[in-house]
């Protein structure tokens, strides 16, 4: 999965898919009542990126729905996975549940179209703070109570704060998520800084172990050819990048073209890939 980073305006969906992304990451901010308000990152953000692009969440979700609904004039077949980077910093552990409930209701209305012919992309809800695990509980409960528990088949989970893996596993369990139940694990740092592959290697080892909790592992934010090669050699499942075309080119190199391919809609993002 090539994951286009910081896609916060509707026009950027086409921009990143045109560059080769089959997945995008979108930042979501919340108001004082725990309601998702904007697709917006703000400062600081990655080097060489404009941090202030935004849409109202409802508008972005409708644009995203069109881009991922077969038959729509805006449909982009390649776009199969969306990561919502949830900026929950202004939520408390007590309001996180409410935030998850309200976000699920918003997705149900504006993205899944009330459960009728909505967007088909798989969704990852990515939370930076393991203390906000109740966001996941609220999200799951809202879909169950609305009679749309079936949509949870399209939803995965990630804690993105680079916490200790055992602590993340514990937070997932508290949220009601079992080991390998649609669990993506991120690892990385802003492109402005350097980071070793230690975190990636630890997560990949967990993913591939008989008693791990991780289904897929992705690395962020990659810019350079050399770093892309290192990530693929570490056998990650996804790469988040500001330059999808760079990763496409790396995948086409002799060293990788017979080992990896781009994921399609027929590839289940929750299944552990046996290497």
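Keep in mind that glycine also has a Cβ here, set from the backbone N, Cα and C atoms.
Record features, source Swiss-Prot:
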type     : residues   : note
ACT_SITE : 5          : active site
ACT_SITE : 41         : active site, nucleophile
BINDING  : 25, 27, 85 : Mg(2+) binding site
DISULFID : 45-51      : disulfide bond
DISULFID : 47-192     : disulfide bond
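Distribution of Swiss-Prot features across the structure.
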residue	record	DSSP class
5	active site	coil
25	Mg(2+) binding site	strand
51	disulfide bond	coil
85	Mg(2+) binding site	strand
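Here the CA atom of residue 51 (disulfide bond) lies 14 Å from the CA atom of residue 25 (Mg(2+) binding site).
In this structure the C-alpha atoms belonging to residue 85 (Mg(2+) binding site) and residue 51 (disulfide bond) are separated by 14 Å.
Between residue 51 (disulfide bond) and residue 27 (Mg(2+) binding site), the C-alpha separation comes to 11 Å. For residue 27 (Mg(2+) binding site), the number of other Cβ atoms no farther than 10 Å from its own Cβ, over all displayed protein chains, is 23. Cα spacing between residue 27 (Mg(2+) binding site) and residue 5 (active site): 9 Å, rounded to the nearest whole number.
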